[in-house]
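Per Swiss-Prot, the features are:
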type	residues	note
TRANSMEM	7-27	transmembrane segment
TRANSMEM	45-65	transmembrane segment
TRANSMEM	114-134	transmembrane segment
TRANSMEM	143-163	transmembrane segment
TRANSMEM	229-249	transmembrane segment
TRANSMEM	254-274	transmembrane segment
TRANSMEM	288-308	transmembrane segment
Amino acid sequence: MDEELKNLIKVWVSAIISISYCYYIPPRIKSGAPRFLSVSPVLALFLVLPLFFSSLHLSLITAFFLTWLANFKLILFSFDKGPLIPIPTNFPRFFCFTCFPIKVQQNPKSQNHLPKLVFAIKLAIFAVLLHLYSYRQNLSPTILLGLYFVHLYLEIEIILTFVKVVVFISLGCDLEPQSNKPYLATSLQDFWGRRWNLMVPAILRPAVYAPMRRVSERKMSSGWALFPGILAAFIVSGLVHELLFFYLIREMPTGEVTLFFVLHGVCTAVELAVKKKTTVAQRWRLSPGVSRVLTVGFVFVTGGWLFTPQLKRSGVMERFTSEAVLLVEFIKR
């Protein structure tokens, strides 16, 4: 643990120095290829930093914040696009909005408060979940898989809520939520675009979807050009997840997780095409309850088929849950 804490300090001091360079130097360079070249050493460094950790949690969190979010935001920043344009007014804001999955609320509410009851319930469920792992040998694979998905959702929610609160206290500005009750999604488009991990689609839209759609519009109508954009965004997301899996497993990718996102990209595109191009979908609509069951069920089944097998084969799922239990015990002390 002591060695991991030392690595944590080294990694994030390196991140602070790198982001400070990006704040003071590249903005003075012409946008486009010249500015991209100026930030490319930072992009390369952020690809390496997660490898400094043996802890799954520290490696994954660092990879998500730096390798994925920060790198994509800096690439967009190189071309005067994305959430870093206009450039934040001071370095602390620039650092937070570069590294963390947050953005300023466009229409701030008069009162911004943490939904304490909901957060407390999530913490309680997470505590019960960690306790259930003591009996994992008595649980069926299907139930255990369900627990893993709930664990993933709750841990992401808890970590991102803490980040949001710390940044809100530090910067004093209203921040948009990181997710919007993904378990209530009524379609794949609703799940991936408006409910799950909202900062990711907010980055993929300008970085991947919009450029691909513009290119596709040269060959087809604008109504059809959105489908290559959707598929491209899911493919890029799959490739990034392969990289995240590499940081966890330290083995060559198998392509399963990319296939998971390609499948969801194709299904989302088909779903959208049916809604837009057929009158049957407009006349015949499922009830919200049935739509939610089908959507969440599809994510669960395909996740068990393609997303988690590599993690289970490598023992990462067991290590990840055991590490969470040890972390809670460490905090209690």
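Backbone N, Cα and C atoms are what each Cβ position is placed from, and that goes for glycine too.
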Practice task
Go through the chain and flag residues at least 6 beyond the ends of the transmembrane segment (7-27) whose CB is under 8 A from any CB in it; none is fine as an answer.
Solution key: 35, 38-39, 42, 45-46, 49, 52-53, 58, 62, 66, 70, 74, 77-78, 87, 91, 94-95, 98-99
Practice task
Mind checking which residues of the chain, 6+ beyond the ends of the transmembrane segment (143-163), have their Cβ under 8 Å from one of its Cβ atoms?
Solution key: 61, 100-102, 114, 119, 122-123, 125-126, 129, 132-133, 136, 178-179, 182-183, 197, 300, 303-304, 308, 317, 321, 324
Exercise for the section: Rank 114-134, 229-249, 254-274 by Cβ pairs under 8 Å to the transmembrane segment (45-65) and hand me the top one. Expected result: 229-249
Handout entry: Cβ-Cβ under 8 Å with the transmembrane segment (229-249): same-chain residues at least 6 beyond its ends
Key = 50-51, 56, 59-60, 63-64, 67-68, 192, 200-201, 204-205, 207-210, 212-213, 216, 255, 257-262, 264-266, 268-269, 272, 310-311, 314, 316, 320
